[in-house]
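Marked as active site, proton acceptor by Swiss-Prot: 125. Taken from Swiss-Prot, the feature ATP binding site covers 10, 11, 12, 13, 14, 15, 16, 17, 18, 33. Residues annotated as compositional bias 'Acidic residues' in Swiss-Prot: 407-418. Per Swiss-Prot, domain 'Protein kinase' is recorded for 4-254. Summarising the annotation, Swiss-Prot assigns region 'Disordered' to 389-418.
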């Protein structure tokens, strides 16, 4: 503080006090912000430090510059530029500003925000109070208490910061948001500067949320079209469509006026918000937004408001019963009797509680939001006047809720309509779940009064007493609101039981339809509509779903559905059209009922839809009849009398409701497969009706395809019926009017209410027709270019994918369409990176992206032989986006790199893939696409594969995991495509081993595969999911991995040793199969195991060779196999096992014919077999024990092999004969002149290794006295001495063969002194 003079206080708030000051020894005027530490939590102090750190690094002419900051014992002091005033003050004094001044301020605000967003900083509290006036008329943005600098890993935020008047829709709904929330706030500020009031203004937080989410902005005529367009862009409710960077800079309203401050960015800053995200990051952002999206539908803002309301109500309840209760909100004072509950006069405290609840909604708690500013009281009348003059008053009921009239509950009639109307307003549901209805339901007196009023009046009506029906109508409306707005299933269902719901409204409906006296009453239509509204709201309650069943609610729901169907069937059977509105409302209620049934179990759906074909057939027949009955003309012929618009709309209501009901009955909802089978029954019935030649249903339905209201629903009906009826597809393929309507719809020549969704259904329907017919219906051959245009130019992702689906089918039928690679690559990138909105199940059980993947595969096949284009695809963003989107569809678990405030994220509990996005068929297409690319650009693709943690490698490994394969085997068409998926993955993983790759790259690939235990996955998939013929490639890959990586080999051995008998049985079947390549791979794997690992790991190999009955049938089959490669590897395996296995030696002795098979290999025509066999016999002879005598038969064959042309065979034969010497076979060896042959080899064989083997054998054999004598008689010492001398004459001792040592030792052993 010694640096500054404190002059005067210029402001005060919840944060502390602001003083005007001057820096000592200078004329610089500053603002000093004193923030007390006392009473602040650690989190608040951290946030303060964050604000200081953010401000410290900001240098911009339109942002307040922090000059200094320091701490005292009790306070934190922040020193900033001194501003001349606040923009808020100008609004207070002048009301609004001329547009040219607003334009200047807009350019400066945009400049400041551009600077912040380019540094990945969100302000999060943009409002007039945070905009200061600088010298010369400029503005400066201040107050960064809620600002957030986002890391490169954080794409969206979820914490609620800011002031409600300027909050964006995504903020008030507590959805994830990004920098576009700041841009919405700028739009609100500029609107307020120009008009005098914010675009959404009310004193009720609940109404404010509703306005922000649902109401359009009201545009006064005083603003220019350019300014209006600018504000419309900023105030777009969908943040994805909101005007943002960089387009914002180029808008004519501010173009050329914005100051851009550029400065070097840090290397770790990441992508600035002012640049468009690369598509792969856009995919990650969408995924992060999806994960961060709130699970419920309650807003944190409104939960806080309701909490405050409840606390206030409780405080009022504790006050004296007779005292008046004042609630000051800056506008009015409300007494406890402002909103009394009808008939609640038991105690003043109870009345006070409910009155407080109702009055609290009118109380303005602005100090709890944002920085704590209250509404500007002095401007209140001005704002109201401005709204009244500029716009029509939209909500008279809102004004009524702010009434200052005092009502005396003692003198008011208990059941007045005004009281019920106030309760109705309190219980009305907003766009998000409010707590007021929940608070009402928690009050037993309110519930009792509602229930008694409903039962009392309802039972009177059922008894024919019609007085007081008018009191029933507001009660019914309150019930509708409560049922629609409360999410507490237990509480709500208990209330319904006590109130007699839904039995009483259904009984009243039935009685009203049957009573002629009621039908004569003026309120008859209103009563029917309100009763249906209650029933509809009841059907939409969550306690009707099996997954959230409360008590016997599911049974009650089914009974109520049956009663309603009875009433609906009778209603549809009537020819009286006097109550068209009631008929329409009943049909819409039926559509809601279908949605509720679809969300239930298979049993509930089956029973409901089956009843429409049996006991409730009247409903279905009535709907079909209603569709064929001639209605008022939809299009007035030329010269005919014009029909008034209200009458026209009324005439369209019932046909629209009928078509909507039919669509609800047969359309399979996305992601709810439990009801598909049940709905197929209805679709079959409709399809049969449509295929009858005499039926009027098909012409009526087809003619409705060109009607702007009916089109979408009737398209869904046709699509559902064609989905299961091939006959209907053939009929429609020959129906000119139907095809013409579909083609005109795709071409945009039919004006319909929901063109995008209708076109999507039409595209899928045409795809289905081509697929079913395997031919092109008339006129479709010219459709290619128009569908291609939709594919490349539409911004609606669902349309792009539907167009891709149809293009794929057209391409298979030979239709040509001109798609340039640059266009289809860009279209694919857009379709894959934008959020997926699946509204309809694509044809033939496909996923949302299947059609796109199949089309991409077709397009890629067309450019085979053009490596440059393939390289462009792999190098483009679409390749990366493709695998990111696929991994999202697979729901790969991954760690969350950042958390938003205290929000803890977890990976999805279920790893089942999202089959609505990509089906097994789509996965097969994607992997085929990857194979085609890998084949032509192997090295480029390997770089993607070898990156540690790459999405491509993670995805491929996941496709082999047991959990995924289990889900795949249970999916529709999963068993059919499972082998295709597995084999495609294996082919892709084989590439690193089939190519000449860098050693480091291969090490990285092996480490990835080892970490995921791919060897284990391959073994399990072969054992549990593939046929023997399909297992060849996985076994080959498994073998390659185990031979290359010792850790993978151990994984294989441990899996076999610890798993069930299934794996041993599978391997045994392989060894006995007629698949020589697979047998050879397995034998190589087993041989490598026997060579590398200790004998304790080899028991399973012994088990495999002996067979289940220990007859050694597998080993016999292998040794006698017709394929040379199999015999070579079988003898090699046997040779390695005989080094350790005593059991195998015993089997050679005890098993009849087994030793003979071993010895037969010594005379095999194939040299490789002879070499392996001689190796095996040599190991069998080593320490043969009891087997030794039996090996005498091998001596002649082995002696003959000493003269083999293959040096390896000669070496093995010499070693084997040397091993037989100590086994007492001297006579047999002498008989075959083995000593002489070995001596000749030792002295004259051209190969040093063979000489060495012969010398070692002679050293072993000379231990037998008879052989020793023969060697002496042959002059072996002299011959060997000459050999030794020749080796000594070599110039370099390092080049002398190892046989020299053996030669000297043997000479020493043959000396007479040694022999004696």
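The backbone N, Cα and C atoms fix where each Cβ goes, glycine too.
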*Using C-alpha atoms only, work out the spacing between residue 18 (ATP binding site) and residue 125 (active site, proton acceptor) and round it to an integer in Å.*
19
*What is the number of other Cβ atoms found within 10 Å of the Cβ of residue 16 (ATP binding site)?*
17
_Position of peak Cβ density within 10 Å, selected from the binding-site residues 10, 18_ = 18
*What does DSSP say about residue 125 (active site, proton acceptor): helix, strand or coil?*
coil
*Which is it, of 12, 125: the one of these recorded positions whose Cβ has the most other Cβ atoms within 10 Å?*
125
*So what's the mean pLDDT when you look at the domain 'Protein kinase' (4-254)?*
80
*Reduced DSSP assignment, residue 16 (ATP binding site)*: strand
_Pairwise CA distance, residue 10 (ATP binding site) versus residue 125 (active site, proton acceptor), rounded so that it is a whole Å_ = 21
*Rounded distance in angstrom between the Cα atoms of the residue listed as 'active site, proton acceptor' and residue 12 (ATP binding site)*: 18
